[in-house]
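Asker: As annotated in Swiss-Prot:
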type	residues	note
BINDING	THR50, SER192	substrate binding site
SITE	TYR108	site 'Important for catalytic activity'
Amino acid sequence: MATPSSATSLNVENIVFPSSVKPPGDTNTLFLGGAGVRGMEIQGNFVKFTGIGVYLEDKAIPLLAGKWKGKTAEELVNSVEFFRDIVTGPFKKFTQVTMILPLTGKQYSEKVSEMCVGVWKAHGTYTDADGATIDKFLEVFKDENFPPGASILFTTSPDGSLTISFSKDGMIPEAANIVLENEKLAQAVIESVIGKNGVSPATKQSLASRLSDLMNHFDEKATTDAEPNLSKNGL
């Protein structure tokens with residue numbers, strides 16, 4: 001039977017995403033849901049900027065399987081709702097963004113901030129508290145530089161917090177740089193990767209393929225036992 005513990009590592013442009021990781025400052029080990037490249041077509045060439053890995057708590061499988069078991073990878077990758085369920089699900093997500101090309105913290109944080117604020121204002125949900133959180137987000141990245149191989153690490157928790165860490169040596173640090181208590185930002189960071197307009201279709205494809213296999217081989221009884229949690233959380 002396929003289980004999260006049977007998840008394999010992935011190599012994306014010589015960036016190795018291990019099969020499981022323990023996020024900074026956390027006691028839980030998360031499994032690799034999927035990984036892929038982020039790039040952009042520039043003057044006829046596909047330029048690769050980063051490799052992105054998305055890790056999930058083990059309980060994500062029974063929680064998602066209650067609704068998505070039996071779906072093919074193709075059905076999942078084309079479902080906005082499936083990825084929304086990952087973003088909002090009551091389980092931890094860990095996103096590792098590793099540089100292929102160099103990037104400054106200022107460039108990265110300003111782009112993410114502009115995207116978040118734009119969406120929130122369009123939806124009429126932007127608040128002064130959000131503005132204060134964005135200021136903290138920009139501050140933590142301000143003096144950072146990320147050469148090839150360096151990583152930005154995000155842990156999205158069900159309690160609505162976003163933990164941010166940096167790695168320059170390919171290792172996962174034990175301690176986090178900062179924890180921001182803002183559920184909208186926590187969800188927006190991972191949604192920017194795998195949401196409807198996510199920046200990495202390759203990561204979405206990888207997630208859909210691997211999670212489809214894990215869910216379709218998941219034990220029915222465990223799935224049934226987890227279903228009340230899904231409905232309770234409105235998924």
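Each Cβ is built from the backbone N, Cα and C atoms, and glycine gets one as well.
These numbers come from a predicted model, not from an experiment.
I'm curious about the neighbourhood of these features; can you describe it?
Answerer: Note: THR50 (substrate binding site) has non-local neighbours VAL37, ARG38, VAL97, THR98, MET99, ILE100, LEU101, LEU103, i.e. same-chain residues 6+ apart with C-beta under 8 A of its own C-beta.
Taking Cβ-Cβ distances under 8 Å and a sequence separation of 6 or more, the neighbours of TYR108 (site 'Important for catalytic activity') in its chain are PHE141, PHE146, ILE152.
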